[in-house]
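Working notes for the structure below.
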Amino acid sequence: MKFASTFAGFFATRRENGGTQTSRAVDRLMRPADSLRELDPLLIWSATGLLLIGLVMVYSSSIATAEGSRFTGHQSHYFLLRHAMFLAVGIGAGLAAFQLSMRQWQRFAPWLFLIGVMLLVVVLIPGVGREVNGAQRWLPLGPLNLQPSELMKLFVALYAADYTVRKLPDMGSFRRGFLPMAAMILLVGFLLLGEPDFGAFVVITAIAFGVLFLGGINVRVFALLALVAVIGFMLLIWLSPYRRDRIFGFMDPWQDAFGKGYQLSHALIAFGRGEWFGVGLGASVEKLFYLPEAHTDFLLAVIAEELGFAGVLTVIALFAILIHRALVLGREAVKLERYFSGLVAMGIGLWLGVQSFINMGVNMGLLPTKGLTLPLMSFGGSGIVANCLALAILLRVDWEVRQLKRGCGA
């Protein structure tokens with residue numbers, strides 16, 4: 001609440017696209033060609049640590065699956081090589097994204113959101129979208145598969161920030177401020193539920209509503225609609241038999257350990273076997289065809305088994321540092337009247353925070369099973385590329401903030 005009121009106070013004074021003469025002058029001078037060593041070291045090292053740990057653990061958790069599958073050609077390095085390739089593509093895309101100023105990202109935001117919606121429509125077309133395990137979430141692009149919902153998380157963070165800046169005078173109005181954005185999110189949610197991808201819908205809703213809240217939307221309106229959203233999500237769960245089964249399996253996984261509670265029970269076994277320092281890297285038993293999706297949704301359970309409580313605590317600490325730096329960076333950008341930049345940074349922080357919290361909660365048995373990967377770490381090309389793009393934008397915000405501080409002080 002204090003965060004929101006603070007940012008609302010800043011937003012009430014000036015808008016991003018207006019700016020000051022000083023910020024415009026500095027903007028003309030800013031080129032990402034030098035001073036890169038000034039970038040936030042905590043942001044860089046926490047993100048690098050998560051990406052590297054993820055690469056190692058994806059390999060460790062996927063060896064048995066790769067060796068036992070004809071799809072992979074029985075090659076033990078299959079998922080490692082693909083994950084490394086996705087990382088290389090993501091880093092390359094991130095380097096390109098870093099070259100764009102935040103003013104350019106603001107101009108692109110509505111178009112990126114529109115492209116994301118179009119991709120979500122295309123993936124639902126029979127014969128176009130690829131179906132895996134009953135979910136039609138992927139667009140086949142030759143040897144690769146694109147998952148539009150992963151890119152949409154980034155696009156929503158950008159669009160929500162741009163929308164908030166443009167609609168700043170109307171943020172206190174339900175009809176003019178909140179309703180148009182809510183309609184867009186409901187459209188996205190309708191398309192995501194058609195795949196179905198309930199988890200992505202939850203994360204995207206959290207990003208959009210969180211950015212609106214930090215941007216100064218009427219608190220009473222926000223509280224009322226947050227309650228409506230929670231009730232709506234509960235109804236969606238209750239009206240869907242397979243989602244309802246997940247709730248029952250979550251409440252007592254051991255009652256049906258070979259059915260509804262299978263994934264959760266084996267995740268808990270992995271956590272129990274790991275104890276304080278784990279059974280050793282590569283020595284997991286649960287990844288040997290006991291724990292489904294060991295290299296994606298349940299990667300943290302394998303980390304817990306092989307590296308123990310110490311490994312899990314390290315991962316949590318790295319995420320906490322990264323998310324904290326994103327939120328602090330957003331606040332600093334707002335203080336310098338870079339409101340779009342600040343909201344984007346905080347939106348990315350919310351995205352990584354909400355998704356990692358849900359994934360960790362599922363792995364630890366604190367939340368019902370949900371098809372969400374661990375950001376920056378789990379196997380998945382679209383997710384890794386989207387995460388790298390988000391990190392590049394965070395670094396761009398950080399770089400521009402540092403340049404503005406230096407320019408204003410000159």
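Glycine is treated like the rest: Cβ placed from N, Cα and C.
For 39-59 (among others), the entry in Swiss-Prot reads transmembrane segment.
The transmembrane segment feature in Swiss-Prot is assigned to 78-98 (among others). Through the fold, the transmembrane segment (78-98) approaches residues 32, 51, 54-55, 58-59, 62, 65-66, 72, 295, 379-381, 384-385, 387-389, 391-393, 395-396, 399 of its own chain, all at least 6 residues removed from its boundaries and within a Cβ separation under 8 Å.
Swiss-Prot lists 108-128 (among others) with the feature transmembrane segment.
Proximity of distant same-chain residues to the transmembrane segment (177-197), defined by a Cβ-Cβ separation under 8 Å and at least 6 residues beyond the stretch ends, is recorded for 113, 116-117, 120-121, 123-124, 129, 135-137, 149, 152, 156, 159-160, 163, 167, 170-171, 204-205, 208-209, 212, 217-218, 221-222, 225, 236, 371. The transmembrane segment feature in Swiss-Prot is assigned to 177-197 (among others); the stated evidence is sequence analysis.
If you look up Swiss-Prot, you'll see 198-218 (among others) marked as transmembrane segment, on the strength of sequence analysis.
The transmembrane segment feature in Swiss-Prot is assigned to 221-241 (among others); the stated evidence is sequence analysis. Same-chain residues lying 6 or more positions outside the transmembrane segment (221-241) and placing a CB less than 8 Å from one of its CB atoms are 174, 178, 182, 193, 198, 202, 205, 209, 212-213, 247.
Annotation source Swiss-Prot lists transmembrane segment at 303-323 (among others), citing sequence analysis. Long-range contacts of the transmembrane segment (303-323) within the same chain: residues 42-43, 46-47, 49-50, 53, 57, 60, 270-271, 273-287, 349, 352-353, 356, 360, 363, 377, each at least 6 residues beyond the stretch ends and with a Cβ under 8 Å from a Cβ of the stretch.
Distant neighbours of the transmembrane segment (342-362): 7, 102, 105, 153-154, 156-158, 160-161, 164-165, 199, 202-203, 206-207, 210-211, 214-215, 264, 267, 297-298, 300, 316, 319, 322-324, 326-327, 329-334, 368-370, 372-376, 378, 387, 390, 393-394, 397; these residues of the same chain sit at least 6 beyond its ends, with a Cβ under 8 Å from one of its Cβ atoms. Taken from Swiss-Prot, the feature transmembrane segment applies to 342-362 (among others).
According to Swiss-Prot, the feature transmembrane segment maps to 374-394 (among others), an assignment based on sequence analysis. Within its own chain, the transmembrane segment (374-394) has Cβ neighbours under 8 Å at 43, 47, 50-51, 53-54, 57-58, 62, 79, 82-83, 85-87, 89-91, 93-95, 97-98, 102, 105, 144-148, 150-151, 153-154, 157, 295-297, 299-300, 315, 326, 329, 344-345, 348, 351-352, 355-356, 359-360, counting only residues six or more beyond its boundaries.
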Problem - Cβ contacts under 8 Å made by the transmembrane segment (39-59) with residues that lie 6+ beyond its boundaries - result: 77, 79-80, 83-84, 87, 281, 295, 299, 302-303, 306, 314-315, 318-319, 321-322, 325-326, 329, 374-379, 391, 394-395, 398-399, 402
